[in-house]
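J.: Below are the structure tokens for one structure; questions will follow.
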Amino acid sequence: MKRLVVIGAGMASGRMLEHLFEREAGYEVTLFGAEPRGNYNRIMLSPVLSGEKSYDEIVTHDADWYAGNGVTCRFGERVEGVDPDRKVVVTASGETAYDKLVIATGSDPFIIPVPGADLPGVMAYRDLDDVERMQGYAAKGGRAVVIGGGLLGLEAAAGLKARGMDVTVVHLAGHLMERQLDPAAGYLLERELRSRGIEVLTEANTAELRGTDHVEAVLLKDGRIIETDMVCMAVGIRPACALGREAGLAVNRGIVVDDAMVTSDPDVLALGECVEHRGQLFGLVAPLYDQAKVAAATLAGEAAAFDPPQVSTKLKVTGVDLFSAGDFAEGEDREEIVFRDAARGVYKRLVLEEDRIVGVVMYGETADGAWFLDKLRSREDISDGRDTLIFGPNFAGGAPVDPMAAVAALPDDAEICGCNGVSKGTIMAAIAGGAGSLAEVTALTKASTSCGSCAGLTAQVVALGLGDGFVIPAEAGMCGCTDHTHEDVRRLIVADGMKAIPEVMQKLHWKSSGGCAKCRPALNYYLLCAWPEEYADHAQSRFINERVHANIQKDGTYSVVPRMWGGITTPDELRAIADAADKYAVPTVKVTGGQRIDLLGVQKEDLPAIWADLNAAGMVSGHAYAKGLRTVKTCVGTDHCRFGTQDSTGLGIRIEKALWGAWSPHKFKLAVSGCPRNCAEATCKDFGVVCVSEGYQLHVGGAAGMEVKPTQLLCTVATEDEAVEYCAAFYQLYREGARYLDRPWKWIDRVGLDHVKEKVVEDAESREALAARFFHSQTFFQHDPWAERANGKDAHEFMPMADLTRVAAE
Amino acid sequence: MSDFVDIGHLDDIPPEGARVVKTPLGCIAVFRTSEDEVFALDDRCPHKGGPLSNGIQHGRSVTCPLHNWVISLETGQAEGADEGSVATWAVKVEGGRILLDRSRFSRAVAAE
């Protein structure tokens, strides 16, 4: 009998032994295993953790099986080395000789090397010991943090939650399971986990684990601290290839094997997670089983070759249906078919290349996963059944998806027309009561009869109520990514409580998976306007100027404009500006039309430093780059002018201090003139004040850009306080109602000045509410972005990633 | 022959963001997509030289910040009605590290 020694009693070597014994190849087998037990189904550890299965149920090879096949089991005995020259394996108890050796040492969990990683209470999620340790903590209740929102981490989190712990998942990437899921499916998964009471933190980078003699808290790099009783690290695995390396075998990231699973030594085979085959590592079980088959054949002297199969992933969390396979990245030569059913939380995406499926992501409904995987593996040409492909095998020729699903999914109390307080239920009731056309419904309910911006949405609800035969009047969508208009998207964001860009794209059936340069900045704005306190600004959906808080110039340099409140400056500020211009070799210093000073031609890398200098002199960002509050231009007013009727400079500064930092659909420029001579040119601004002896004329909707528009008079008020309140209310009405990139005049053209007057002038309650919403929002946005960046925020925006100029020259 | 050099970690670039690598042949923009793919292109739009690293990224494309040309990250070709292309650079990710093929500019420097 030939002597076969196997190091590692895991799933790969277990399967290999099964194949080998079937062949009766004549080996006497000695099996070493680091764990004090035989082979069990490691994939089923999660159900054991959650309590849905017991250890006995997941054992694959018990003592009888080993005995029946004559395997000498040496479990719990550590292999210290291999000597391929003398063909022996070394352990504490001596040497064991072999004719053939199989290394199946698997992988080690990766422990992030942060301070505190070695504290008691910090564990990996790899074997039954880890599971038993976690169950011990769970029995005491309390809190758990799982670091890593991948497959394993989420299973651990769900298991711990099921055992009664309060669980927080800390995940480095922007969405969960980013290797298997695209952002839309990642969002659905996150929502599902949240609804189960699992807290999910994405883009969360662990800095340190804290505690004295036991872990007590996780500190994130952004300063957040999460108190906890235990930490489970599930951030990834590394091939355990130390034995192979020390034995002198060829090792890259894993032990290198050829197609027959033979290492660089002809008598040593390797398989499982410890190997590297054609540069690839393996972590899922399907390819491991294929390797086991090949290794058994090789040992039996048969020719066999391992060909890595296309694998799919399923998350083993009860009640979460999720399937992913293949490559689902976008590409120019790739097309995608996306199916979204927001109401049921179903998302399916097929990625096609040359009429073949190359990737599948499914969430919420995964029954057809195997069918798609089969087509992916066989590289079947799908051009024939393409129209109904996404519906799976049972729906070929079925009805197309309902384009109004998002409207249909709205609850009855969802607000459709804000002006008139009309809900979806009101419209449906009108139709049930006999209204048979859009005109009848709007006449009855008053929906969309005021500002009209909800006309599209109202029509959709009417269509839903009236059913077939009603054709919605066509209006262009926001961009090529959606048929919804700007107004509908804004309204649906509020009505449905959507709070993230992927969520909007998912629920409103976006036709592209990542949006475009037109819709992403618009969505980012709509969300931050709707949810100032909750929405997390998405920098990568902002135009570069707003991302780096300066204006990009034609040569890639930037211009820097510090704020000068109401156009007033001081000798000290001017000296600081002059010093900064010298220090950073600013080529052009220019006075702007908005009464301040522009430093043009600053290098991007210098921005945080020049801001720090200007901050030190008391100056903040002028937001000259922003779709937001720009300047309040003023004349000198009663302080010096013989014609001045009011303190126009003082009012200008007061308004600027109230409004600065706000974001809006487009830039927002103001002016305050001290008398009707109007030296501050207030009547071509978005909002202009002309002081008169009896008070303040408020003018709106002017512009002096691509289009020159004189303002229209909104009203006249008696006091400065009123001027500020009306101004804030007008700005908020514009912020909440306008399409992204529409200046106020364009928005007023759409909704009518009467609508503005009604909301800002005639209805005091409405005006107060608008102003209150504006000032509430301001509490979140009045922070100098320059100071934040001078202190290190977003440093990656300003610094090159690497400088290879010198390295290469050496 | 390719000559890959480590330029940093994948996490040094935010998803859907880009960073610049300075080289003797000018700046290279290194992009990370939402799917964690990495692409490298000359940081100069074929239209008027705009820094593509500053653009908004969507799918496997970037929109130039100066005049909204849309450039394919894979091919460097302008998309839609515009015509032009920008040089692409071989780049790969291994174990979270981003590796850039510098053979072209190391040759260019050696030839000087």
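Here the Cβ of each residue, glycine as well, is placed from N, Cα and C on the backbone.
What TrEMBL lists as [4Fe-4S] cluster binding site is A:CYS635, A:CYS641, A:CYS675, A:CYS679. Look at TrEMBL and you will find A:CYS679 tagged as siroheme binding site. As annotated by TrEMBL, domain 'FAD/NAD(P)-binding' applies to A:3-286. Among the features that TrEMBL reports, domain 'NADH-rubredoxin oxidoreductase C-terminal' is placed at A:312-378. Under the heading domain 'BFD-like [2Fe-2S]-binding', TrEMBL lists A:416-460, A:478-527. Sequence annotations record features per position, and here TrEMBL assigns domain 'Nitrite/sulphite reductase 4Fe-4S' to A:626-765.
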J.: Assess whether the domain 'BFD-like [2Fe-2S]-binding' (A:416-460) lies in contact with the domain 'BFD-like [2Fe-2S]-binding' (A:478-527), where contact requires at least three Cβ pairs under 8 Å among residues 6 or more apart in sequence.
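T.: Yes, the domain 'BFD-like [2Fe-2S]-binding' (A:416-460) and the domain 'BFD-like [2Fe-2S]-binding' (A:478-527) are in contact.
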J.: Could you tell me how many residues in the domain 'BFD-like [2Fe-2S]-binding' (A:416-460) are helical, how many are strand and how many are coil under DSSP?
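T.: So the domain 'BFD-like [2Fe-2S]-binding' (A:416-460) is made up of 23 helix, 4 strand, 18 coil.
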J.: Under 8 Å Cβ-Cβ from A:CYS675 ([4Fe-4S] cluster binding site), six or more apart in the same chain: what's there?
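T.: Residues satisfying the criterion: A:CYS641, A:PHE643, A:GLY644, A:THR645, A:VAL690, A:CYS691, A:VAL692.
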J.: Taking the Cβ of A:CYS641 ([4Fe-4S] cluster binding site) as the centre, how many other Cβ atoms fall within a 10 Å radius?
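T.: Around the Cβ of A:CYS641 ([4Fe-4S] cluster binding site), 16 other Cβ atoms lie within 10 Å.
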J.: For the domain 'NADH-rubredoxin oxidoreductase C-terminal' (A:312-378), DSSP counts of helix, strand and coil?
T.: 10 helix, 32 strand, 25 coil
J.: Other residues near the [4Fe-4S] cluster site, CB within 8 A of the CB centroid of A:CYS635, A:CYS641, A:CYS675, A:CYS679?
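T.: In sequence order, the nearby non-listed residues are A:VAL636, A:GLY637, A:PHE643, A:GLY644, A:SER648, A:SER673, A:GLY674, A:ARG677, A:ASN678, A:ALA680.
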J.: Between 0 and 100, where does the mean pLDDT of the domain 'BFD-like [2Fe-2S]-binding' (A:416-460) sit?
T.: 80
J.: Using a Cβ cut-off under 8 Å and a sequence separation of 6 or more, which residues in the same chain sit near A:CYS635 ([4Fe-4S] cluster binding site)?
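T.: Looking at Cβ-Cβ distances below 8 Å from A:CYS635 ([4Fe-4S] cluster binding site), excluding near sequence neighbours, one finds A:CYS641, A:GLY644, A:SER648, A:THR649, A:VAL672, A:SER673, A:GLY674, A:CYS679, A:ALA680.
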J.: DSSP secondary structure for A:CYS635 ([4Fe-4S] cluster binding site), reduced to helix/strand/coil, please.
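T.: The residue in question, A:CYS635 ([4Fe-4S] cluster binding site), is coil (DSSP, three-state).
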J.: By DSSP, how many residues in the domain 'Nitrite/sulphite reductase 4Fe-4S' (A:626-765) are helix, how many strand, and how many coil?
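T.: Within the domain 'Nitrite/sulphite reductase 4Fe-4S' (A:626-765) the tally stands at 56 helix, 36 strand, 48 coil.
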J.: DSSP helix, strand and coil counts for the domain 'BFD-like [2Fe-2S]-binding' (A:478-527)?
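T.: Across the domain 'BFD-like [2Fe-2S]-binding' (A:478-527), DSSP assigns the residues as follows: 27 helix, 2 strand, 21 coil.
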